[in-house]
Amino acid sequence: MTSTEAGALRRLAPPARRFLAHRKGVLVRLALWSLAESGQAFLVGHAVARSVDEGFLAGDPRRGLLWLGVALVAVLSGARVVRGVFAQLAGVTEPLRDGLVRHAVDRSMARAAPGGPGGTDRAAVSRLTNQVEIARDSFAGLVLTLRSFVFTAAGALLGLLSLHPALLVVVLPPLAAGLALFLVTLRPMAAAQRRALAADEALGEHAASARAALRDLTACGTGPGAERHGADLVADAAAAARTLAGWAAVRTAALGVAGHLPVLALLVAVEWLRGHGVSVGALLGAFTYLVQSLLPALHTLMTALGAAGSRLLVVLDRILGPEPEPEPEPEPEPEPELGSGLEPEPEPASEPESGPSTASASAAAFAVHTAAAPAVELRSVTLSYGVRAEPVLDALDLRVAPGEHLAVVGPSGIGKSTLTRLVAGTLAPSRGEVRVAGRVVTGRPAAELAALRVLVPQDAYVFSGTVGDNLAYLRTDPSPAELDAAVEAFGLAPLVERLGGLDATVRPAELSPGERQLVALVRAYLSPAPLLLLDEATCHLDPASEARAEKALAGRSGTLVVVAHRLSSAVRADRTLVLDGIRAQSGTHAELLGRSPLYRDLTGHWNS
């Protein structure tokens with residue numbers, strides 16, 4: 001048995017015992033009706049044997065027909081027995097369903113209640129409408145089949161013993177061998193089934209993700225990697241399916257041994273049995289016990305245990321098992337240096353959107369070397385646009401390591417731009433503290449803030465002046481080589497040549513939105529500020545240009561925070577922050593696909 005199944009059995013055994021202990025009366029009545037079914041199985045075979053030995057072979061057809069009439073009455077009485085069994089079965093299965101529904105509702109309510117984990121329990125609907133019914137049906141099927149096999153087998157074996165003990169010597173060994181072989185296959189079969197399901201789910205999820213992300217895979221050139229990963233998943237699924245098929249073959253062999261070998265053994269041993277005093281009627285009665293009672297019950301038992309049993313175990317563990325713990329956010333790895341982007345000489349102050357000014361010597365002195373401080377740190381930051389308004393950000397804690405590339409994603413209007421404005425210092429939090437390079441940004445003069453960060457908004461600002469002045473707006477001393485390298489890194493050379501070179505005059509109205517964004521991105525790239533904040537600053541670029549720009553910015557000394565416009569930005573980042581209005585989650589692209597339903601939804605929307 002796998003550790004998963006063993007753990008599930010340990011968790012479920014105590015509540016199962018308590019549930020059955022409170023329903024002893026129903027179980028006793030169910031056993032009494034099942035005992036009647038056992039008597040029915042006994043009578044049918046015994047009556048057939050007597051009808052032959054004491055009736056037809058003895059020359060008394062009336063007596064033979066009378067015994068056959070007894071067998072017929074026993075068969076017809078089965079309808080009343082089945083009705084009684086199902087009436088008592090409801091007394092066990094319906095309370096189980098009611099208890100599971102109550103537990104699922106209580107669990108969902110506790111999650112949403114104050115002090116609970118919080119968040120929407122998206123699995124609650126599945127548990128209430130699907131998993132509870134699966135558990136009810138599977139439990140009912142197992143009770144019926146186990147009860148039927150135990151009591152029918154008891155009646156049939158007792159009938160064989162009453163006809164002649166030698167019959168048990170022939171029938172019991174293959175029956176026990178097949179049943180033992182079947183029981184041996186239960187554990188590895190369940191483990192193989194779990195592996196096959198997991199492999200199939202992983203393959204389906206990858207196929208759906210890849211199909212939805214075709215545009216981004218093509219733009220980022222990651223198609224071959226996705227193809228290799230898909231091929232590995234196909235191979236894993238095929239291997240799991242082969243293993244499952246192998247155990248299924250063993251189970252089929254077990255069913256054949258237990259279900260057909262006793263009949264064959266009885267046929268082969270007819271002469272031996274006749275020599276030991278077994279009558280013809282006893283042989284026919286034995287065949288009746290095997291074919292009409294014992295073997296059908298055994299076949300039903302094996303089928304139910306193989307399918308409904310494992311399904312019931314999994315579903316009950318999901319409903320009654322412990323709530324999965326949320327995965328902890330990965331701690332940012334400390335970097336040895338904050339970065340050399342803070343230069344000691346005076347620099348241009350701020351980006352156009354926060355008002356142009358010039359960084360003074362005091363601002364440069366403020367930008368000291370702080371190796372231990374995070375590049376960005378938010379401590380229980382809350383922001384709301386009014387006393388009675390719902391907070392846009394509520395008690396947000398965030399640490400971004402120096403040199404880290406962080407992408408921020410979430411639905412429109414969730415607070416992504418608000419977050420960048422808070423970090424940039426252009427917006428003050430209602431509560432909490434925002435630090436950049438270890439310094440509180442709220443209330444700092446523009447010159448000091450300009451030495452720490454550059455914020456590039458969605459609507460890029462280009463002013464009337466030369467191309468070089470626009471690119472070097474945040475630096476006073478870029479060398480021609482630095483300008484040329486930056487222009488080349490961002491693919492801006494065709495635009496510069498079209499305009500007439502770095503000394504040519506720019507007319508902003510003649511530039512497209514994407515061209516203006518490229519100019520603003522190069523400007524931010526040349527800035528000495530150690531922190532770059534991009535608020536959907538690449539939304540007007542095509543995917544290839546966006547990837548090229550983000551690669552250049554990520555390769556720059558310092559920290560990069562990007563409010564993502566496309567999925568590819570999150571894929572390229574070291575870490576992604578997901579804002580959903582309730583909680584914030586962070587992790588790599590692969591980690592968030594596994595634990596954040598919202599991130600999976602956004603991934604589908606971005607790529608559709």
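Every residue, even glycine, has its Cβ placed from backbone N, Cα and C.
Among the features that Swiss-Prot reports, transmembrane segment is placed at 25-45, 66-86, 141-161, 166-186, 253-273. According to Swiss-Prot, the feature region 'Disordered' maps to 321-362. Positions annotated as compositional bias 'Acidic residues' by Swiss-Prot: 324-336. Taken from Swiss-Prot, the feature domain 'ABC transporter' covers 376-605. If you look up Swiss-Prot, you'll see Gly410, Pro411, Ser412, Gly413, Ile414, Gly415, Lys416, Ser417 marked as ATP binding site, on the strength of sequence analysis.
Positions of the features from Swiss-Prot, shown on the structure.
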residue: Gly410; record: ATP binding site; Cβ neighbours (10 Å): 20
residue: Pro411; record: ATP binding site; Cβ neighbours (10 Å): 14
residue: Ser412; record: ATP binding site; Cβ neighbours (10 Å): 6
residue: Gly413; record: ATP binding site; Cβ neighbours (10 Å): 10
residue: Ile414; record: ATP binding site; Cβ neighbours (10 Å): 18
residue: Gly415; record: ATP binding site; Cβ neighbours (10 Å): 22
residue: Lys416; record: ATP binding site; Cβ neighbours (10 Å): 21
residue: Ser417; record: ATP binding site; Cβ neighbours (10 Å): 19
Other parts of the chain folded back onto the transmembrane segment (253-273), taken as Cβ under 8 Å at six or more residues beyond its ends: 164, 166-167, 170-171, 173-175, 177-179, 181-182, 185, 283, 286-287, 290-291, 294-295, 298-299, 302
ATP site, defined by Gly410, Pro411, Ser412, Gly413, Ile414, Gly415, Lys416, Ser417: further same-chain residues with Cβ within 8 Å of the Cβ centre: Thr418, Leu579
Averaged pLDDT score, the domain 'ABC transporter' (376-605): 88
Structural state of Ile414 (ATP binding site), classified by DSSP into three states: coil
